[in-house]
Amino acid sequence: MESGGEAPDTIAAIATPPGQGGIGIIRLSGPSARKIGETIITRSLAPRVATLTRFHDVGGSQLDEGIALFFPQPNSFTGEDVFELQGHGGPVVLDLLLASVCKLGARIARPGEFSERAYLNDKLDLVQAEAIADLISASSEQAARSALASLSGDFSATINNFLAELTRVRVYIEAAIDFPEEDVDFLAESEVVSELTTLSTSLANVRSRAAQGRVLRDGISVVLAGKPNAGKSSLLNALAGEERAIVTHVAGTTRDIVREHVIIDGLPLHLLDTAGMRETEDFVERIGVERAQAASVEADALLWIYDAAEQPAAASTPEDLLPPILLQHVLAHPALPLLIVANKADLLASHLIEVRQAQPLQSPSGIRYHRLAVSAVSGTGLPDLKARLKAVAGFQNTGEQLILARRRHIDALERCQQHVDAALNALQSGQLAGELAAEDLRYAQRALSEITGAFSSDDLLGEIFSSFCIGK
Ligand code: GDP
């Protein structure tokens, strides 16, 4: 299968990261890969045998020496002839080599083009191709393990099993439609209903594993807001484990949003540290307050931090603490989790430190929130804060194999489930039940096929592969 039906050309790319390294690899794929590779090494090569050899430019002068490898089609990563030149990892040498293979007829590959060819040649399905990109960019061990499971075909196998089950039920229903002399009700009473019910339950289970996996892959964004000097930067550093944001004693220094990425037990957390939230005449600082509010719109949670040593314990509801602009925002977005964090607990006598609330509190105007006491300096309360953040994300590190899903997978699973449920409803409600159910099951199949790419548009393919790194 080849897009547009044109004969494929030969592509080349530096497959190792930019910069200096012990080894640098040029990878070629396509019908001329072998001829071009063998011209560079001025000899022929046995398939799949690592061979130490010299690399030359088109004029015949030596550029480098290293290992050359040839993988004949179809048993290669892309399914085409693949030739690899593994030389020294210097940018100049690699650029010269790349220029030479291009002079010999190769073209520089687009990002993800090797994986795209592997997909077009049925070496991988879309889920597996995406898993390659996810494995490369995995930000935690659990994410890497889940990506590897998808690459090995676990998620694809689940989808294919659902597809097979849908096909079986559909064939049965369509056969029933073709024999109208039978009582239509027999569909409602048959095993079809119980099979679809089981399928719907399994779909819900996979959706939940996929939703967890998406959190694992994408993480959650949390806005850190609070008055100047409350200790936002210190807290951010304490969570990140190293000094990143600038911590100062002068109020109002963190004027820009600092983005920090930390991993808490495998959960990527994107922390947005905003300018001090204070009703202020200072123009720059006001921009910061507005930015904080804007950031809260996209965030998964809002952390309001205050200096517990300065604030009387009795006045610590959101109404007491938040500036009006943010209070309005919170009131208008009741689903946005709000964490009120009393910082500098180390300065308080221990009996003044509030007990962590497992259940949300409710403020006088009905805002639901959690309250925690922490110390960015001593580390007190940080484990509770981390646990609360994981709870906000709905993230449970149960050790169960998660599916490192993308938004498009979850959308497709949701659509599939809606159609399966609609088919069930149709079957249970009589009139034209068979036709309606069969139609819904067709849609359900189509939604699932989008996941593995058995049914997908060129636009989608372009979007997926263009996000890959070069040489992959
Ligand atoms: P920001 O303006 O909210 O970012 O506050 P900073 O992180 O710059 O902290 C302001 C001051 O409070 C600095 O002097 C910090 O060392 C101090 N501070 C921050 N957190 C704590 C804490 O938990 N305990 C104590 N004792 N001091 C803290």
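Cβ atoms are placed via backbone N, Cα and C, with glycine included.
The (6S)-5-formyl-5,6,7,8-tetrahydrofolate binding site annotation in TrEMBL covers Arg27, Glu84, Lys123, Lys472. Neighbour list (Arg27 ((6S)-5-formyl-5,6,7,8-tetrahydrofolate binding site), Cβ cut-off 8 Å, at least 6 residues apart, same chain): Ala12, Ala13, Ala15, Val82, Phe83, Glu84, Phe114, Gly471.
Feature annotation from TrEMBL assigns domain 'TrmE-type G' to 219-394. In the predicted model, residues of the domain 'TrmE-type G' (219-394) average a pLDDT of 76.
Summarising the annotation, TrEMBL assigns K(+) binding site to Asn229, Thr248, Val250, Thr253. Within 10 Å of the C-beta of Asn229 (K(+) binding site) there are 22 other C-beta atoms, taking all protein chains into account. Asn229 (K(+) binding site) falls within neither a helix nor a strand when secondary structure is assigned with DSSP, and so counts as coil.
Other Cβ atoms within 10 Å of the Cβ of Lys232 (GTP binding site), summed over all protein chains shown, number 31. Annotation source TrEMBL lists GTP binding site at 229-234, 248-254, 273-276, 343-346.
The 10 Å shell around the Cβ of Ser233 (Mg(2+) binding site) contains 22 further Cβ atoms across the protein chains shown. Taken from TrEMBL, the feature Mg(2+) binding site covers Ser233, Thr254.
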What remains of the binding-site residues Lys123, Asn229, Lys232, Ser233, Lys344, Lys472 after requiring a CB under 6 angstroms from ligand 1 is Asn229, Lys232, Ser233, Lys344
Taking all protein chains shown into account, the Cβ-based neighbour count within 10 Å for Lys123 ((6S)-5-formyl-5,6,7,8-tetrahydrofolate binding site) is 18
Row Lys472 ((6S)-5-formyl-5,6,7,8-tetrahydrofolate binding site), column other C-beta within 10 angstroms, all chains, value 21
Taking every pair from Arg27, Glu84, Lys123, Lys472 (the record's (6S)-5-formyl-5,6,7,8-tetrahydrofolate binders), the biggest C-alpha distance in Å rounds to 19
Residues near Lys344 (GTP binding site) by Cβ (under 8 Å) yet at least 6 apart in sequence within the same chain, in sequence order, are Gly231, Asp307, Ala308, Ala309, Ser375, Ala376, Val377
